[in-house]
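As written in TrEMBL, here are the features:
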- B:77-285: domain 'ABC transmembrane type-1' (DOMAIN)
- B:20-43: transmembrane segment (TRANSMEM)
- B:83-103: transmembrane segment (TRANSMEM)
- B:109-125: transmembrane segment (TRANSMEM)
- B:132-154: transmembrane segment (TRANSMEM)
- B:166-191: transmembrane segment (TRANSMEM)
- B:212-238: transmembrane segment (TRANSMEM)
- B:266-289: transmembrane segment (TRANSMEM)
Amino acid sequence: MSTVETKDFGMNRRSFLKSAGVSVAFAGSSLGFVSSGIAQETVLRAYGVTTAQMDDPSLISKATGIKLEFTPTDADIGVFMRDALANDIGETHDIMIFDGGTQDILGPQGFYAEIDETNPALDLWERTPDFWKKSDISVYDGKTYGVPILGNCDAFAYFADAIGANPNGQDEIPYSVLYEDDRTRGRVALDRVFSQSLACMANFLKVNGRLQIEDPANLTPEQAKAVVDYAVERKKAGTFRTLHNSFEEQVQLIQSREVDVLECWEPAVKEAEKTMKDEAPIYAYAVEGGKKWGHGAYIPKQALERGNGEAIYEVLNYFLGGEFRAYQARDRSYAGPNMDLGVEYAEKSGWSSEQVEELRATDKKISRKMSNPNAFWAKPTAPHAGVMEQEWQRFLSA
Amino acid sequence: MTALALSSPPRRRWRLPGTATGWFTGWFLLMWIGVVVLPLLIISTFSFFSMHQYQIVYDPTLATWTSLVDTGRWVVVLRTIRFAVSVTLLEILVAFPFALWLAKGCRSAAVRAGVITLLTIPFFIDASSRIIVWRSILGTNGVVNNLLVGSGLIDKPLAWLLYSDFSVSFGMFGSYFPTAVFPIFLTLSLIDDDLIKASFDLGASRLQTLRHVILPLAMPGIVGGIVFTFVPLMAAWIEPQLLGGGQVNLLGQSIQSALNNLNYPVAAALSTIVIAVLVLMLAVLVVSLRGRFKMSSLFQSVDG
């Protein structure tokens with residue numbers, strides 16, 4: 001079996017251009033064309049999912065003295081891996097942010113550098129709970145490749161009146177309202193992405209003892225087939241109204257009340273609340289837990305070779321700190337490591353008591369969801385992802 | 001020996017083009033092969049490889065092609081062809097009388113200009129923005145259902161108006177109507193009115209004139225309309241995505257899904273199928289029109 005070597009060529013396209021550039025720069029400097037000693041603001045470039053981006057990027061600059069230029073990408077694992085493996089994005093970017101799991105492939109292959117847990121700039125690492133720093137977001141094969149920066153436990157949103165649930169939103173709701181409830185038949189929306197829908201359906205069948213499944217996020221071919229058989233049966237029974245493909249679609253489905261229950265991201269409910277107020281749906285505490293996920297920040301090896309290590313660790317430490325935590329919780333309902341620092345930051349920064357209480361509530365909410373024993377960790381780079389995608393097509397085609 | 005040498009055909013010697021047209025044709029063919037044909041061949045080649053850990057394994061295999069059957073993706077191929085053929089037929093059936101009216105029936109130049117302008121408007125608006133509007137019109141809480149329920153015509157909203165074969169076909173019809181109308185309108189406009197008058201003068205009925213004069217002369221436009229509608233419909237993904245809501249899975253989405261998972265071989269295999277279907281469709285068109293219509297006349301009618 002021969003695989004493409006994307007990294008270990010003697011000289012690839014980018015390294016050729018780079019060495020050519022170095023030669024030109026050397027020639028230029030020897031002729032006195034390149035001046036030195038011009039004081040410049042430290043600029044780092046990050047590439048990653050938009051959810052990790054601060055609404056106000058100047059906050060990072062003020063806190064760290066480092067300007068972080070963010071190149072956003074969506075949540076497609078394929079796009080991210082293509083940019084990492086084939087486009088060698090580490091040549092141009094200093095920090096990469098994505099769902100935990102990419103380190104399983106990019107770490108051992110030498111694309112990511114190991115995190116230096118003793119780096120003095122990373123002084124919040126020590127106090128960061130093991131739940132985060134020893135999780136699938138950060139670690140692979142005993143080595144730490146990523147700094148966990150935020151996370152949540154994805155489930156679904158529901159309109160309480162449609163399923164006769166308590167409107168205070170504190171009850172645990174079973175996933176059966178998505179798959180097998182006559183009250184919601186034909187008014188259910190699933191995520192079109194198999195790593196969400198197929199995995200959560202597998203978890204439902206696992207928790208309720210219908211199928212023997214070890215890891216809902218990494219189904220064997222036989223398990224994937226069995227879960228998709230169930231999905232096809234439910235589809236033919238007219239359970240699902242639609243499959244959505246984007247955050248905007250999630251919000252629209254909620255606002256138009258096209259469905260009563262939908263798999264979605266929690267920020268979609270947050271967004272709907274802006275216009276729907278009390279009419280907005282509730283983001284569920286699911287009986288079956290849901291899908292735990294987290295974004296990690298990773299260092300491309302080339303970034304350290306460029307001598308950007310110290311600045312990078314400053315920014316990684318910022319991600320573990322109170323300001324980043326507070327704004328992520330306020331704007332997106334996301335939590336992450338060191339939430340107590342977020343609350344502390346909000347209090348010191350004069351946020352209203354209502355906002356501080358909301359941060360505490362977010363912390364409690366995510367702790368409750370994350371500690372549900374039925375919840376499972378997402379695996380965007382699952383070894384059986386290819387099989388799962390192929391089987392999911394059978395559901396889509398049915 | 002001599003007789004044999006004399007009877008064998010003279011060997012054609014390769015020579016450089018002697019005219020500007022010859023040079024241009026040569027360069028065009030070279031560029032076309034390099035920019036279009038070669039990439040297509042490379043895409044097809046990728047369908048015979050496989051992926052492992054997001055990297056391509058360059059060992060030839062038919063695994064991707066056999067998986068198209070196992071995963072039901074072949075059903076998607078058939079469904080896409082069904083949609084492309086049915087919507088194209090519908091487009092042509094509606095576009096022809098509309099174009100005929102616009103070219104020959106509409107006597108007001110201002111009205112004609114206005115209609116043509118209206119037909120071009122969709123080209124200036126992003127397709128997603130144009131299509132997504134229909135969701136709030138066709139949804140269960142949308143304008144149409146509200147009107148129907150409000151007027152008492154129906155008791156409960158019609159769910160099939162959205163996320164169904166109907167809504168996808170409807171969206172496609174709207175999107176590709178201008179591309180069906182314009183080629184037909186252009187050829188109809190070029191038909192000399194005197195020919196039509198002569199037909200009537202010779203005693204032909206309206207139907208006979210349509211069948212024996214207008215239709216044959218309009219054939220280049222009709223064929224153009226079919227090509228310009230069918231080809232993009234085979235790759236359409238915005239309408240099935242936004243109006244099908246995952247209930248109507250077509251080839252474009254299947255390719256997108258494979259690419260999202262960095263499964264290049266599957267995407268390549270599906271793209272190869274699209275190309276094969278288009279080539280087959282053009283071949284069928286050429287064969288079925290043989291003797292009645294020359295494909296080259298598609299362009300002759302423009303320069304008169």
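For all residues, glycine too, the Cβ spot is worked out from N, Cα and C.
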In contact by Cβ distance (the transmembrane segment (B:266-289), the transmembrane segment (B:83-103); 3 or more pairs under 8 Å): no
Stretch-level contact, the transmembrane segment (B:166-191) and the transmembrane segment (B:109-125), CB cutoff 8 A, at least 3 pairs: yes
For the transmembrane segment (B:109-125), sequence-distant contacts whose Cβ falls under 8 Å of one of its Cβ atoms, 6 or more beyond its ends: 102, 174-175, 177-178, 181-182, 185
